[in-house]
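**Q** Can you read through this structure? Questions will come right after.
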Amino acid sequence: MRLHQQTDAMETISNLDNLAKLVSYSFMDTLNADPDATSTGADHLPRQVFSGHYVPVSPTPLENPEYVAHSRNLFRELGFADSLAESADFMRVFSGNLANVPEPMRKVGWACGYALSIYGTEYTQQCPFQTGNGYGDGRAISVLEAVINGHRWEMQLKGGGRTPYCRGADGRAVLRSSVREFLAQENMHALGVPTSRSLSLYVSKTEKVRRPWYSEGSRSKDPDTIILEPAAISTRVAPSFIRVGQIELFGRRARKNEHPQAMEELEQIVLHLIDREYGDVIDQNLSTPEKVLMLAREYQNRFTSLIANWIRVGYCQGNFNSDNCAAGGFTLDYGPFGFCEMFDPYYQPWTGGGKHFAFLNQPVAAEKNFQMFCIALRPLLTSHQDSLRQLDEIKSSFASVMQVQMEKMWAAKLGLDTFNEELFSELVSLMMQTSVDYTIFFRELSLVPDDIGPLKKSFYQNPTYNLDLERINNHWAEWLTKWKALIVKANTTDTHPFSHDELSSNMKLVNPKYSLREWLVVPAYQQAKEGNYSLIRKLQEVMTNPYDEQSKEVEEKFYRLKPPAFFEVGGLSYYSCSS
Ligand SMILES: Nc1ncnc2c1ncn2[C@@H]1O[C@H](COP(=O)(O)OP(=O)(O)OP(=O)(O)O)[C@@H](O)[C@H]1O
Ligand SMILES: [Mg+2]
């Protein structure tokens, strides 16, 4: 099923006809369409979908689209010419118009249903029918898959118009949220964190949609106004967009025997997931129970490593439900996300996220999603008691595997080879007493300073610190001395003396210099609304090289503490929604 086509040498794709030659549809061709779907794809009203893996649906073209941005990095990897992004044919497709696509491209895309669980609890009430059968891609529509240099990529429009899963909403994404997702995907990839990738972003010059939002400088928790925002379509790319919630939907239907093909549909989607995301590590010839166990193990490895990476770079996903978890183990759905600035274990930009989805609770939240994933796989093993037992063991081992990943990550952030509990807890307590900027602190530490002077660049200070400045500074100095003794020990061998510069360069590869701070993104999407995309370009450039020192000018603008005026401001420090 995989790799139907392969390009020999990488040919530059400079027009849609070249791209069409690489198109091949595995999701639509090997899985089941909803038997109630219309053949034309004009399936844009909310309705229940009871079976099948997808609904064929045509995107709704964006009115008067204009080019905003594309990922130069992904274009290079795919062999796309940069000029393609602004060419009429390409722009038409990726702004939602499939009417005139060259063969074998199709005029319909596909949207998928999925289930929702929040922190380990299943919800079926969240669709207009209160059954869960109307929940899924409400505005995300995949339009093609292409096999490029041996890799299969699925391309999905976000904001591509209504689908049967739209639940009465408009099927659109606004420019603001599209700019945020576009930049975040670019940034996370450059940070070395697995993610869906940005391909392109187009905005409508005329079509606007309404969204609740915050008035300028608002301190209200909930949006206090309704604004009109330009509609946009961004395209994201990944080996597949199969979510934990999607496996849960088919798991639930099989468990409850909701229709005669329910078990078969679960097996099909799971095998498809393995094929698309785990084909290089799971042998095709194994039996389904063997494959399922390997899948659970491998997803656990990827997922725990992903979460450790999120924490390494200060990322908080915000809305960490199971439908926002890609089963391939990469980051998906940049909604109410944020990057931690002033360190707080409970940092959470989404007002609906509570403590359960907060920054340092993400390993626990991930465990809940992983448990739901394992529960969804269980029906496939019901007649294999031993495999079931093994699956339960994998499920319960999550916390310890996660812990190993976290300790490895903290050790690397501190330039150590092993985790030191005492050093780490003292650090966390000092970071909180002082209110340090997470990114700046670790980056300054990566310079391996002689004293705490340079670390002070990361101090926001707070009443505790200001009242007890001398004592806390002394603690910092003691902590630094302890840390230095440990790094020298960890980075010295009989044959290799300690090298300050070597350690510093290694630490800089773990601790980025530039972080996608929301107050840097806000002016970029605000200017974009006025048709000026220069700040988006600048941010894209800076954030695709987050570990590099970059120029003095970039440093002065982007390597900075969050200005005091931006704390506790709605739409900037926190958001109740983001779409
Ligand atoms: N404007 C909209 N029109 C239709 N459906 C929507 C809209 N906004 C959100 N949804 C749907 O509501 C559900 C929850 O939204 P959520 O914010 O998690 O996802 P999203 O940002 O739309 O998309 P994704 O998870 O695909 O990145 C999703 O299934 C989504 O498709
Ligand atoms: Mg989502």
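From the backbone N, Cα and C atoms, a Cβ is placed for every residue, glycine too.
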**Q** According to TrEMBL, G136, G138, R139, K158, D170, G171, R236, R243 bind ATP; identify which of D29, D36, D333, D344 is listed for that same site.
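**A** TrEMBL names D333 for this ATP site.
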**Q** Where the distance is taken from Cα to Cα, which of the binding-site residues G136, R139, D170, R236, D333 turns out closest to N324 (Mg(2+) binding site)?
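**A** Of all the candidates listed, D333 is nearest in space.
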**Q** Looking only at D170, D323, D333, the recorded positions on record, which one has the least crowded Cβ, with the fewest other Cβ atoms within 10 Å?
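**A** Result for the recorded positions D170, D323, D333: minimum number of other Cβ atoms within 10 Å at D170.
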**Q** If one measures from the C-alpha of D333 (ATP binding site) to the C-alpha of D323 (active site, proton acceptor), what distance in angstrom results, rounded to a whole number?
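**A** Cα to Cα, D333 (ATP binding site) and D323 (active site, proton acceptor) are separated by 9 Å.
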**Q** Relative to the Cα of D323 (active site, proton acceptor), which of the binding-site residues R139, D170, R236 has the closest Cα?
**A** R139
**Q** Given a 10 Å Cβ-Cβ cut-off, pick out the one of the binding-site residues R139, R236 that has the most other Cβ atoms nearby.
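**A** The residue with the densest Cβ neighbourhood is R236.
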